[in-house]
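Enquirer: Questions regarding the structure given below will be posed in turn.
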């Protein structure tokens, strides 16, 4: 009942309306409903009293008491009120409001002059001004209603006289006018106060909404920063663990039996990787120092030509390895700039490292300088790399932010460009970036003329150096050795793995895409891949290989230590997952076991009948359904084992293992364990009050501690 009443009062209210309009619509509906209820009660009481008097006086009901004018008037009022509600419902509030006031004036005038003259019905007109005040926003409307209402009030006394002379004489116009005016002023006073409170409430609401928006924005920024930091630490772990792996590996290989030359090569790699780790840590520390209040630059005059020439020379060999055309165009001979040489060196080095990372093979990178007497010196680092999206350019200098592309998924910490900008800003220089997707980027450092000294300007057109293509040859297979494909974007890691795998024939790939290209024309006994790589990472590579139904065993090497990354790879059916740094013996054992298992798989393929091979997918589905159905039906039995399933499938234990590994990519024990863990997790979710012992018994495991340790390891619960 309450809901129906509320829906009646809310007729015509729309979200697109202002609060003030919706409030007036609701008030008009309320007036209609209340007036209608009053009319029904009044008519009902009139009928009951009249019928009772008829029975008392005449002992019967003659209906002679019925006043047609009385019932017609009230019937007209009820129909009019229903029509007004209908107009409101159809969004005709103005017409409904006008009709309501018209009915109010006509009905009460008719009642005071015709139906019930002399019964003071005209005093209802004291309500006309308050009603108009609530339904109209303009004050002039309420004052006009006050005048009209008072004039109609006087009609039965002076115009259409219905009262005796003594009643008219007793009427004091001033007192009546005061009553009307007081009611009018009181209603308008409360209306004005209400409007003030509504405005204050609206301001408060807007403030709350504004605060809410700010909080939501801050929450989103914090969440984004948290993601950036998380990505930063994952990548930082990757950046540090790879050098650690190489250091540990080469340290273990150092022996006094080897020649000094061999040991020197290994110690050189160790020193390089130590330096790389030190550079990473120093960058973080320097960035932190630059934010402190005590930080100061140590500026000295530095010849811009020789300064940039040094970095051009240092990076030549790195760009040459990727067959990138690297040039230096200097137009600022014998010009000095006032810089902190140590810090500014890192800024230039970061820009060149970025260009090296994001420029593909056979691309181009250039260092250009220009001088202007008004603006000073501009240093441009231009590359033909992958480019940066327009909406991401303003964020590239933010700490922890990394542009979303195939390369940043596996490399970098997200502080390089932030560090560079901090260095440039600390010098009171400026840095900007222009970029186009697929065409490359240009990072420009502008050095104001007040930081330029001895400005002897002489343009130099010809570049100092260029590099041509360096041919790379693919390693050839040695038939007597087993073939392993090593997929890793870190060159030193590939060199190290090649030395560890000296008893195997190793082919190298820089990323997953390169590996897929090699696999199109070559087969391998095992694939050894890094997890985090540019272009195509290890996870995507494994998914693609599984989609192609490639059965080559896969071992994943990773610097990631998070459980989720490990689980996502294991679910894909890989054969091994090793954390960096790893023990060489551990890697070699995993490789040996993986190749041995792959041999069993190939032997199984030879043993499988042509009919099975022809309908392999259908056969695999039936095989999978049969074995998983049996496991699920017997999941609560502690006797569920490889032998029990082999007996059910009518095959030997070894044949069952080969078939399951070949078709499902897992061992039988892994299938059983996965089914039990999944069942246990579901039982715990469905019945949180169940004891650990009950859950363990339901999945056929007697050791409760073992089960819940595995659940925690598998699902983190």
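Yeah, the Cβs are placed from backbone N, Cα and C, and that goes for glycine too.
Just so you know, TrEMBL annotations are computer predictions that nobody has curated.
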Enquirer: Pick from 25-49, 200-224: which stretch is listed in TrEMBL under transmembrane segment?
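Expert: Feature transmembrane segment in TrEMBL: residues 25-49.
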Enquirer: Of the ranges 98-120, 236-258, which one does TrEMBL flag as transmembrane segment?
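Expert: Matching range for transmembrane segment: 98-120.
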Enquirer: By a Cβ-Cβ criterion of under 8 Å, what residues six or more beyond either terminus of the transmembrane segment (25-49) are in contact with it?
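Expert: Distal contacts: 5, 8-13, 17, 70-71, 74, 77-78, 81-82, 84-85, 88, 93, 96-97, 100, 131, 134-135.
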Enquirer: Can you tell me how the residues of the domain 'HTH araC/xylS-type' (625-717) break down into helix, strand and coil by DSSP?
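Expert: Within the domain 'HTH araC/xylS-type' (625-717) the tally stands at 67 helix, 0 strand, 26 coil.
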Enquirer: Count the Cβ atoms, other than its own, that fall within 10 Å of the Cβ of residue 530 (4-aspartylphosphate), considering every protein chain shown.
Expert: 26
Enquirer: Take the domain 'Response regulatory' (483-595) and count its residues per DSSP category (helix H/G/I, strand E/B, coil), listing them in that order.
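Expert: Summed by class, the stretch gives 49 helix, 24 strand, 40 coil.
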